[in-house]
């Protein structure tokens, strides 16, 4: 690796895009997303094997999001001048280690340790993903490079849950994570081969990132982001027990539902730019309102498989607008501090994922099967009301 560590120290002066490096980063992103969501489709066998409830098993998603939240806030201060190439390799190693620890976990504690390793990689990577991509291509090619990265995210979201469900039935949930560890090893070798030296900056200006929250409408926006993602994770983390017990889906049927959800999400992401051109605020208020209605429909009529499948498709199609919409809100309303605002956004989303999965799991175990749906629908409705009343939007 020394030959490429020594070269191109002036990354900012890059004149030709390094597409191999961009695709290696995109592959790493896809692997992180896939492994993050594997427990969603493997929750029941994981819980049975470890002798815990499905609600407790769902906390494997919670701990990943919780650790990722802190990693996203503090990673840039921690790594400072460290070459970003080494940092990305470390994230790929943590991804691989996480999969192996989960695969060999004989207790809930070891499972959580493995998922915490994933949280470090996930939060740290997302905090620096945009700046990393921008250093691999010339300025004119940045949008195309970012589209490759986020395209990998969309593809990973499409295949993660149905692939986990299908392979889990075929080879067992532990071997699914062993297969994911192999993907992690491929990440390591591809990054070593393709990623150039990307020297870190010794220090950043000591500006208070959280002072951004004092700007008009920003705090309301972050609260809305929190509620929308908490609502998503309160429902999606427990989609397997809800759909298998409420609608009576078997493993094969659930796999098809999850695949439909993923395809709908991919289509929603593809259409999001067209919708957001019309009105970002309308999309940010309208999407959670549709999701709130969908949660109500599933609660009342979810025992019908056709209704349950339709709700999954509508949910995937609609929620796809949410992350793209809030990123657009940041680039328009906080363009002068987009990097700092993005860091706060990542932390808020991870905190929301933590709280949504945790409270949803508690509700599932202690209140009832449809309680995660009711929690999700309530949060989505509150999000729609808050966006309508308080969130400010600058025109592009």
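Glycine residues also receive a Cβ, built from the backbone N, Cα and C atoms like all the rest.
What you see is a predicted model, and the numbers here were worked out from it, not measured in a lab.
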In Swiss-Prot, residue 169 and residue 249 sharing a membrane side: yes
Among 86-106, 108-128, 256-276, 367-387, stretch most in contact with the transmembrane segment (282-302) (C-beta, under 8 angstroms): 367-387
Touch test for the transmembrane segment (55-75) and the transmembrane segment (344-364), at least 3 Cβ pairs under 8 Å: yes
Stretch with greatest number of CB pairs under 8 Å, the transmembrane segment (216-236) reference, 108-128, 256-276, 367-387 candidates: 367-387
